[in-house]
Amino acid sequence: MYDSPLRKTEVDTNESKISARDVQVYYGDTHAIKDVNVEILDKTVTAFIGPSGCGKSTFLRTLNRMNDTIDICRVEGLIELDGEDIYDKRVDPVQLRAKVGMVFQKPNPFPKSIYDNVAYGPKIHGLAKNKAELDEIVEKALRRGAIWDEVKDRLDAPGTGLSGGQQQRLCIARAVATEPEVLLMDEPCSALDPIATSQVEELIDELRANYSVVIVTHSMQQAARVSQKTAFFHLGNLVEYGDTSQIFTNPVDPRTESYITGRIG
Amino acid sequence: MPVLWLILIVLALAVAGFIAGRARAISGAGDDRRALHSLPNYYGWNVAMKAMVPAFLALVIWLIAQPFIVNTKATSLLPETAIPEGSTLGLVMSDVRRVADGLDLAVEQGLLGASEAADLTVTGSDIRATLGSAGVAVGSEISPEILAAAQSYRSSNATGNLLRSLVVIGLALVGGALALAQTKPDFRARNAVERGIRAILVGAASLAILTTIGIVLSLVFNTIEFFRIYPASEFFGSFTWSPSFGGGSQLGIWPLLWGTLYISLIALLVSVPIGLFAAVYLSEYAGPKFRSVAKPALELLAGIPTIVYGLFALLTVGPLLLSVFGRDGLGWMQAGTAVMTAGLVMGIMLIPFVSSLSDDIINAVPQSLRDGSYGLGATKSETIKQVILPAALPGIVGAILLAASRAIGETMIVVLGAGAAARLSLNPFDAMTTVTAKIVSQLTGDADFASPEALVAFALGMTLFVMTLGLNVFALYIVRKYREQYD
């Protein structure tokens with residue numbers, strides 16, 4: 001099943017970063033997520049897999065309250081980040097999103113220069129004391145986004161002028177620059193070609209050293225390659241959650257087996 | 001034959017052609033429509049189109065050309081002596097036309113036989129009385145020359161009308177018959193109809209462009225005429241505007257241009273912030289329910305006729321400003337009509353322009369950019385300020401420039417709100433006037449169209465046209481540049 005195993009290490013921590021208890025999500029009258037319980041570990045890549053419309057992206061967006069921007073969306077249950085309820089009234093969703101960064105399906109660089117794209121988050125959150133420090137943060141983020149060498153000579157060029165793969169890595173660098181604790185990635189490679197995909201996958205594996213990464217993907221190979229933990233969603237239910245190796249070799253639930261062998265989905 | 005009948009006949013021919021073409025196509029294919037290249041209706045349309053379009057084109061051209069030809073012919077019959085002292089050829093020709101029309105009317109009412117009318121002589125009968133009883137009053141006694149010209153007018157009109165009917169119906173018949181002969185199963189009727197439709201669309205587009213060119217040309221020629229009798233250096237160099245129809249007027253454009261720009265500036269200072277903030281609120285903050293009520297309500301402002309805004313300026317805003325800034329208040333304002341009055345009201349008028357266009361542009365900024373910004377922990381106003389507005393800025397600038405060209409061209413509010421005094425002043429509570437308002441005042445009334453005082457209106461119009469055209473081109477350029485960003 002692992003056609004090119006990227007993983008160097010097994011899960012090396014069992015510290016829970018995010019824990020979800022009995023999470024329900026409704027879009028108006030539609031019950032999109034039903035009774036999801038999951039523990040997302042620190043310094044681990046967790047993959048969400050499942051057929052289209054199974055709720056994996058919706059669940060991902062509840063983890064940094066991106067669903068707040070959708071009027072008809074309602075979340076019930078308990079989601080804790082480091083033991084704190086993120087849906088508590090005292091929690092500022094803006095602060096939360098600074099801690100739980102997000103990379104989207106389609107690369108969405110701002111119509112600004114490459115530098116300003118990356119500097120956007122640090123500027124908003126006041127992470128740099130002066131220009132030199134900001135330069136440093138930007139360079140570090142671009143290096144971690146594995147795009148520094150390609151753009152270091154044209155930091156003033158518009159971010160929208162890069163190729164699709166470069167744009168996505170720029171978006172990852174942009175998310176990394178705000179020093180989040182968790183990085184959510186919603187199908188980050190769906191718009192990329194195989195080469196750019198493998199670059200992003202390598203990047204994800206490197207990011208694991210510092211962050212907890214949650215990735216939604218339609219590619220089971222990708223899930224197998226980059227993740228240590230896998231969650232399988234089906235029709236709004238979390239069907240099975242466990243070590244990636246176990247899910248792909250020895251699934252407990254017959255639905256998981258049907259999906260990963262290609263019989264449903 | 002009256003034109004209406006002609007049109008109806010051609011239409012009837014087209015309908016008949018449609019039916020015949022369709023039937024012929026189907027029977028040609030042996031009642032099997034699958035053997036046809038196109039759907040049967042296309043064959044029908046092909047015949048109808050070819051019967052109708054050339055005939056109507058000929059009719060339109062004929063209707064335009066015939067009066068010219070007939071007039072020239074009748075005019076050539078009039079000797080110099082037929083034009084009395086103090087009259088012009090145009091006046092005599094209108095007499096000729098009245099006599100001709102009167103005779104036609106008299107024949108129609110049975111007062112004269114057809115041949116009797118054709119053989120009329122000045123001496124033989126009292127034409128004036130006959131025409132009078134037919135309901136046409138002719139001023140002076142009719143001279144033999146005028147009668148001759150009128151008779152020529154009548155006869156050439158009659159021949160013209162007859163020929164017109166023959167040509168139009170003939171074209172319809174020939175076109176229809178040719179198209180019908182084409183109608184075989186393998187004839188590509190669908191493509192032919194498609195070409196015809198394209199031609200109609202091209203025609204509509206070029207008509208709009210040609211009209212614009214015509215308007216511009218009429219402005220250009222009159223402007224040239226003006227500069228021939230009034231020096232351009234004076235027009236663009238003088239700071240005084242004092243037209244007097246007795247002659248010796250000074251026609252400097254600067255006081256008017258200053259008034260225009262000053263009032264437009266105040267209007268934009270009012271409308272741009274309010275309109276922009278309203279657009280941001282409507283597109284980013286307002287809930288769908290409020291938006292669905294507020295947006296049409298705001299756009300309702302754009303539907304108010306400008307004369308109503310003018311009344312609002314004259315009766316409400318002017319007195320209001322006067323009570324604060326006038327003699328009882330700060331003492332800066334002499335009367336209710338002032339640059340400030342017109343500027344404020346014009347600004348209110350422009351709010352929906354700015355807000356509606358900006359709202360559309362802000363909505364066109366992809367949701368993914370907002371998500372990206374929120375996903376980095378930005379607040380709503382940070383997202384708007386740093387991501388959405390910069391992304392929408394070129395489009396917003398375009399909207400503002402369109403509003404500016406609207407402000408520059410506005411007339412009614414200025415006429416009622418800003419006063420009529422052309423002056424160069426910095427005080428926004430002074431009465432001033434604008435280019436458009438002066439065009440109105442120069443062309444209304446009994447102006448002699450050969451005097452510089454009247455012709456100056458065209459030079460003013462031309463200046464305004466160049467200004468707004470420049471602004472519009474600039475605005476479109478910016479809007480287009482913006483559009484390329486997300487493709």
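Yeah, the Cβs are placed from backbone N, Cα and C, and that goes for glycine too.
In TrEMBL, annotation is done automatically, which means it is predicted and not curated.
If you look up TrEMBL, you'll see B:257-475 marked as domain 'ABC transmembrane type-1'.
Annotation source TrEMBL lists transmembrane segment at B:49-70 (among others). Within the chain carrying the transmembrane segment (B:49-70), a Cβ under 8 angstroms from the stretch's Cβ atoms is held by residues 3, 6-7, 10-11, 13-14, 17, 153, 156-157, 160, 164, 167-169, 171-173, 175-176, 178-179, 192-193, 196, all 6 or more beyond its ends.
Annotation comment: TrEMBL describes B:162-180 (among others) as transmembrane segment. Sequence-distant contacts of the transmembrane segment (B:162-180) (same chain, six or more residues past either end, CB-CB distance under 8 Å): 1, 6, 9-10, 13-14, 16-17, 20-21, 24, 46-56, 58-59, 62-63, 66.
Only residues 6 or more beyond the boundaries of the transmembrane segment (B:200-223), in the same chain, are considered here, and those with a CB under 8 A from a CB of the stretch are 455, 458-459, 461-462, 465. The transmembrane segment annotation in TrEMBL covers B:200-223 (among others).
The transmembrane segment annotation in TrEMBL covers B:260-282 (among others). Among residues of the same chain six or more beyond the transmembrane segment (B:260-282), those with a C-beta under 8 A of the stretch's C-beta atoms are 291, 294-295, 298, 339-340, 342-344, 346-356, 358-359, 362, 384, 389, 396, 400, 403-404, 407-408, 410, 414, 418, 428, 432, 434-436, 464.
The feature transmembrane segment is assigned by TrEMBL to B:302-325 (among others). Tertiary neighbourhood of the transmembrane segment (B:302-325): same-chain residues 331-333, 335-338, 340-342, 344-346, 348-349, 352-353, 356, 410-413, 415-417, 429, selected by CB-CB distance under 8 Å and a gap of 6+ residues from either end.
If you look up TrEMBL, you'll see B:331-354 (among others) marked as transmembrane segment. Remote same-chain partners of the transmembrane segment (B:331-354), defined as residues 6 or more beyond its termini with a Cβ less than 8 Å from a stretch Cβ, comprise 259, 262-272, 274-276, 278-279, 298-302, 304, 306, 309-310, 312-314, 317-319, 321-322, 325, 399-400, 402-403, 406-407, 410, 413-414, 416-419, 427-432.
What TrEMBL records for B:387-408 (among others) is transmembrane segment.
If you look at the transmembrane segment (B:454-479), the same-chain residues 6 or more away from its ends with a CB under 8 A from one of its CBs are 216, 219-220, 222-223, 225-227, 229-230, 235, 243, 251, 253, 256-257, 260, 394-395, 397-399, 401-402, 404-405, 408-409, 435-436, 438-439, 442-443, 447-448. Summarising the annotation, TrEMBL assigns transmembrane segment to B:454-479 (among others).
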